[in-house]
């Protein structure tokens, strides 16, 4: 489906780039209770906090595993399920577990709710009653880290103590109504590096490389042929006026306004997040993804089959379109609809990543940085934006606005689609590793500029900028995941690492080579004019 240039530019650049892409700057990891501050480390009370799997059986039928976190005191849990034992579940009486229970706790997993006394007291009461373990049900969904009080300088707690979220406690309470419930507790270790991280890294780097080279190997031949055809039909053809409508040059003012607008949208999402709002973003994502996929499929078809677009048909609203383009558009639309319907399935990440990559490749063809001056303003603003909304926004909103929005809190179980995600293959806790579109597009704009600059100045890989920026971007992503690991899964502002590794590399190379002034004031139009005067193609 071939849209008019103006409509295509508004849909593919303005909407996805402004409303969709800018809402996903940060690399987002699933934040859980284990990413909070560790709290004080006291004598005999400095056990490492570990995530716990709670396997549950109801009348002998195994249910869905629950998750929890160990206390800084008490016995440690085995790392493998076959090294632990099934134990019956019993609610303490009183339920707060602050005094001796009238329920028989011997050889069981005691259950108590949070509050009324400290965690150490609850553990001592459960242990004195003969319990083999204690599960504390939190009063909200976040997993709080249970630490010792200031007066507990010596402890003799020999049972494991684990906290579970409120929803898990509600499910257990419902299951224990006139039913026999058993638990098995263990604390599997999470691998330092999962295959998903490597795959996600390759997708992000590959998207930027493909988008940068796309104009060179994907459309150049078609553009030349189209130029020749137009030059025969019109004396004004070939001036580049039509092509200019396809390109959105980013200005210094536009870069600043863009980041301010992105912040506004982010706050609106944070304050008014709901299922219908996320659905609106899903629809917009599908529109941009369909157009991006259509462009990515049609480009090689038109290049290889020059006569394919000549067979056309008339459609209401769209006018005359080629049959091949129409068929491809229907396939892309069907793909997006199937993904939207099955977006909650375990395999839906494949469709989301395909649509997202096609969208980003198309956006990087239609938006460009004219020089390093604009790149510096845009990336520095994005750098501050990312750090503020991830790390500093809790000082104002008491939560990390970026992580809350990306995680989809208060969205009715829906998740924002403007990111690439890959399931963790070897992580016993499951989940996804993710990267926002902004963390690919904003450095990608600079990398694409470097490729155009190298081509215009006839630079080779070694003495150019493109190769070094790709290497810098790859290392920036590695540093991002290193920060994610060192901060125990806390969501990271990826541009904190990516901007220095891309823009910083460009500035340093420019200074060393004495080309920084040229990069700063570079103009694609002046470069094109020079080529035309010298007779170069």
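Just so you know, glycine gets a Cβ as well, placed from its N, Cα and C.
For reference, TrEMBL has these:
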type	residues	note
SIGNAL	1-31	signal peptide
DOMAIN	90-172	domain 'PA'
TRANSMEM	195-214	transmembrane segment
TRANSMEM	255-273	transmembrane segment
TRANSMEM	279-302	transmembrane segment
TRANSMEM	323-341	transmembrane segment
TRANSMEM	347-367	transmembrane segment
TRANSMEM	374-397	transmembrane segment
TRANSMEM	434-453	transmembrane segment
TRANSMEM	465-488	transmembrane segment
TRANSMEM	494-512	transmembrane segment
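The transmembrane segment (465-488) and the transmembrane segment (374-397) are not in contact, since fewer than 3 Cβ pairs between them lie under 8 Å (pairs 6 or more apart in sequence). DSSP assignment over the domain 'PA' (90-172) gives 17 helix, 16 strand, 50 coil.
If you average pLDDT over the domain 'PA' (90-172) in this model, you get 85.
Segment contact is absent for the transmembrane segment (195-214) and the transmembrane segment (374-397), given fewer than three CB pairs below 8 angstroms at sequence separation of 6 or more.
Long-range contacts of the transmembrane segment (374-397) within the same chain, counting only residues at least 6 positions beyond its ends with a Cβ under 8 Å from a Cβ of the stretch, are 25-26, 250-252, 255-256, 258-259, 262-263, 266, 270, 403, 438, 442-443, 445-446, 449, 491-496, 499, 502-503, 506-507.
Under 8 Å from some Cβ of the transmembrane segment (494-512) lie the Cβ atoms of residues 25-27, 372, 375-376, 379-380, 382-383, 385-387, 435-436, 438-439, 442-443, 446-447, 450, 465, 468-469, 472-473, 475-477, 479-480, 483, 518-520, all in the same chain and six or more residues away from its ends. Remote same-chain partners of the transmembrane segment (434-453), defined as residues 6 or more beyond its termini with a Cβ less than 8 Å from a stretch Cβ, comprise 17, 20-29, 200, 204, 207-209, 211-213, 215-216, 250, 356, 359-360, 363-364, 367-372, 375, 378-379, 382, 386, 406, 418-422, 459, 464-466, 469-470, 473, 476-477, 494-495, 498-499, 502-503, 506, 519, 522, 524.
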